[in-house]
Amino acid sequence: MDAQSAPSGQVQVRFTTRNEDLAVGDTPIFVPTSLKRYGLSQIVNHLLKTEKPTPFDFLVQGQLLKTTLDEYIVQNGLSTESILDIEYIQSTLPPAYLASFSHDDWISGIQLTSDTILTSSYDGIARVWDKSGEIKFQSTGCGSSLKSASWHIPNQSFLTASLDQKIFHWVIEEPESMLDAEKKSSGILQTLFVGHKDIVERVRSLESSSVFISASADNTVGIWDFERSPETTLESFSSSISKKRRRKNAEFTPQAGARSPLILCEGHTGPVMDIVFSDDPSVAYSVGQDHTIKTWDLITGQNVDSKITKAPLLCVEKLTDLHLVICGSSARHIVVHDPRAGSDKIVSHTLSGHKNLVSGLSASPENPYMFASVSHDNTCRVWDVRATSGSIYTISRAEKTGSQWDKLFAVDWNKSIGIVTGGTDKQLQINQSSSFGKSE
């Protein structure tokens, strides 16, 4: 009997899950082929014998089931005489739009804490926002557009990376009295880090370490230390700031002077676009326009592994619990890579759906399988690596500019604020749902 002759028949299915707490056993059972997601969810809940039903989504051969089983079987040329393996995952609600905060120029970087949003912009200014949209701190513009920002100590100090090859370390000073409590915090330019010979595309730091890392268009990865990086002169920095502006703004002189990198790591043959720490803070992964994913020993500065992919890579993020690295490419897809020693696959699989290059990635703060991406197609997409057929949700811009050229550059995602995105429309957009991103 085939699916064509028995569209309302039955098929044997084997329900599977990667969450042991929700497992129902692997014994195949017969179910009507007329069932969709809701009917299958009822069956799984019945097998689980839970007091409160849990909504589930279902994956068949990596595809989210959006039709009846019968339609899926017919469309994919399968037989009802074979056992159909169906993976179930907890459903999530679409991320709801909450708010947008306006910038004066393009938004290039975003990093969240539990109650603040750090942004970098092409106007050369870094801003710290609270969740209501109030600017709590604003850095002084240093004469060049910013490409990236990273908290060192949340709500106390952060780094910015610029088009003019520099990295700035800012320290936030809180108001001294209750009378000043409603004013913006003031800031100190603490240290200038110099050494790259081209745009610093990305800077990343960890609160638990004095070491931070950078990716540059000069084909190098920078390893720096707030305490151990060698001191150097301020001449090149001073020459880029006009005398009038230096007299007017004492903030332009870094209080702790300038420092050079511990190591500039060579190995990429094209611009390095992004870098991320591994779970081991002495290891990092970088990606570049030379199509490669490289693994670095941050103690020695050595490139310990390199994988070549089919397209230039523009951004990178880690999925900690899965021991995977995801990379956004100029070919519009997302590469899922296993960097562990002994993994002989260059690419585990790819995820497709964006209509332009993928410019930013951020892992879900709660669900180990999920992450968000942004693209020059001006959308943010939410993915589950188990669903290989495409993204789960697409988040469009809430405020339309009417320009077909708008692009998104940056995304970050945490539990307390949500998914925050920004780009050429100058809008910092926040999307969140109370149950969105819940881990299984």
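Using N, Cα and C of the backbone, Cβ positions are placed for all residues, glycine too.
The region 'Ubiquitin-like (UBL) domain' annotation in Swiss-Prot covers 11-90, and the record cites sequence analysis as its basis.
Look at Swiss-Prot and you will find 102-139 tagged as repeat 'WD 1'. Long-range contacts of the repeat 'WD 1' (102-139) within the same chain, counting only residues at least 6 positions beyond its ends with a Cβ under 8 Å from a Cβ of the stretch, are 145-151, 154-155, 158, 160-162, 168, 170, 172, 184-187, 189, 409-417, 420-424, 426-428.
Residues or ranges marked as phosphothreonine in Swiss-Prot (evidence: experimental evidence): T140. Taking the Cβ of T140 (phosphothreonine) as centre and 10 Å as the limit, one finds 18 other Cβ atoms among all the protein chains shown.
With DSSP states grouped into helix (H, G, I), strand (E, B) and coil, the repeat 'WD 2' (141-180) comes out at 3 helix, 21 strand, 16 coil. What Swiss-Prot lists as repeat 'WD 2' is 141-180.
Under the heading repeat 'WD 3', Swiss-Prot lists 195-234. With a cut-off of 8 Å between Cβ atoms, the residues of this chain six or more beyond the repeat 'WD 3' (195-234) that come close are 147-154, 158-163, 165-167, 169, 253-254, 257-277, 281, 284, 286, 288, 294, 296, 298, 301.
Among residues of the same chain six or more beyond the repeat 'WD 6' (353-393), those with a C-beta under 8 A of the stretch's C-beta atoms are 18, 59, 62-64, 87, 89, 92, 94-95, 314-322, 324, 326-334, 336, 406-415, 419, 421, 423, 425, 431, 437-440. If you look up Swiss-Prot, you'll see 353-393 marked as repeat 'WD 6'.
For 403-440, the entry in Swiss-Prot reads repeat 'WD 7'.
According to DSSP, the secondary structure content of the repeat 'WD 1' (102-139) in residues is 0 helix, 22 strand, 16 coil. Look at T140 (phosphothreonine): DSSP puts it in coil. As a summary of secondary structure, the repeat 'WD 3' (195-234) carries 0 helix, 20 strand, 20 coil according to DSSP.
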